[in-house]
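Positions annotated as NAD(+) binding site by Swiss-Prot, on the basis of sequence analysis: Gly9, Phe10, Lys11, Gly12, Lys13, Met14, Asp35, Gly89, Thr90, Thr91, Ala115, Pro116, Asn117, Phe118. The active site, proton donor/acceptor annotation in Swiss-Prot covers His145. Swiss-Prot lists His146, Gly155, Thr156 with the feature (S)-2,3,4,5-tetrahydrodipicolinate binding site. Per Swiss-Prot, the feature active site, proton donor maps to Lys149; the stated evidence is sequence analysis.
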Amino acid sequence: MSIRVIIAGFKGKMGQAACQMVLTDSDLDLVAVLDPFESESEWQGIPVFKDKADLAGFEADVWVDFTTPAVAYENTRFALENGFAPVVGTTGFTSEEIAELKEFSRAQDLGGLIAPNFALGAVLLMQFATQAAKYFPNVEIIELHHDKKKDAPSGTAIKTAELMAEVRESIQQGAADEEELIAGARGADFDGMRIHSVRLPGLVAHQEVIFGNQGEGLTLRHDSYDRISFMTGVNLGIKEVVKRHELVYGLEHLL
């Protein structure tokens, strides 16, 4: 039996890529799409909803969310309340919101996934960086995205820093008496690590994790040149969350 999928934010670039992926997979069935600004009532024969409240009680298994940080938490909560296992690629969640959604998913006996990045290479980058941080505590992150991205730093950069902080010796990166001649020049501070965000047209999603030690350096980098790179992870997420009973944060938990 096919997994019935709702896609929220279907008009965006990620939403459109997700729609095409679902439509070409015989194991998946796109049963509804959501966008508050869509004027048509159907898209390729699929019902279009403008208000998520109208989807309450709808027959579906999975809610895929590529909307905006402003509504992602409410959408995920709504999905869980209505029996849809959420697969969320929208970023901007606080740690408190993620913890609350995990607890609520267990109460609902529903699987779910919030993933800062669906590209398998990016997930591997985070794992490799975590291993390296045990031995190279001096590290900085540079994340680069298209100029339409609304949050900074990226969810991938934050997740990478969180994972490294769990194993890394907690030290302040840079000179103890350094002075910023322009505010923000050294980037955001996460547990002593610096995170730098670049926003330029022509980019999609890229990240470097740069480690330094006496007489040597190590650079890890991942590049997504096209949004199709995320669809393997989205597909995996859809097929895995229906088997599970709680929400997880990070695609690595499903690999």
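The backbone N, Cα and C atoms fix where each Cβ goes, glycine too.
Note that this is a predicted model, so its numbers are computed, not measured.
Cβ-based crowding with a 10 Å cutoff singles out His145 as the top-ranked of the recorded positions Lys11, Lys13, His145, His146. Listed in sequence order, the residues Thr91, Pro116, Asn117, Glu143, His145, Lys149, Asp151, Ser154, Ala157, Ala205, Gln207 complete the 8 Å Cβ shell around the (S)-2,3,4,5-tetrahydrodipicolinate site centroid, once His146, Gly155, Thr156 themselves are left out.
In the three-state DSSP scheme, Lys149 (active site, proton donor) falls into the coil class. Taking His146, Lys149, Thr156 as the recorded positions under consideration, the smallest Cα distance to Asn117 (NAD(+) binding site) is found for Thr156.
Within 10 Å of the Cα of Thr156 ((S)-2,3,4,5-tetrahydrodipicolinate binding site), the following recorded positions from the list Asp35, Thr90, Ala115, His145 place their own Cα: Ala115. For the pair formed by the residue listed as 'active site, proton donor/acceptor' and Lys11 (NAD(+) binding site), distance between Cα atoms is given as 19 Å, rounded to the nearest Å. A straight line from the CA of Gly155 ((S)-2,3,4,5-tetrahydrodipicolinate binding site) to the CA of Gly9 (NAD(+) binding site) spans 18 Å. Rounded to a whole value, the Cα-Cα separation of Asp35 (NAD(+) binding site) and His146 ((S)-2,3,4,5-tetrahydrodipicolinate binding site) is 22 Å.
Counting only the Cα atoms, the space from Lys149 (active site, proton donor) to Thr90 (NAD(+) binding site) is about 11 angstrom.
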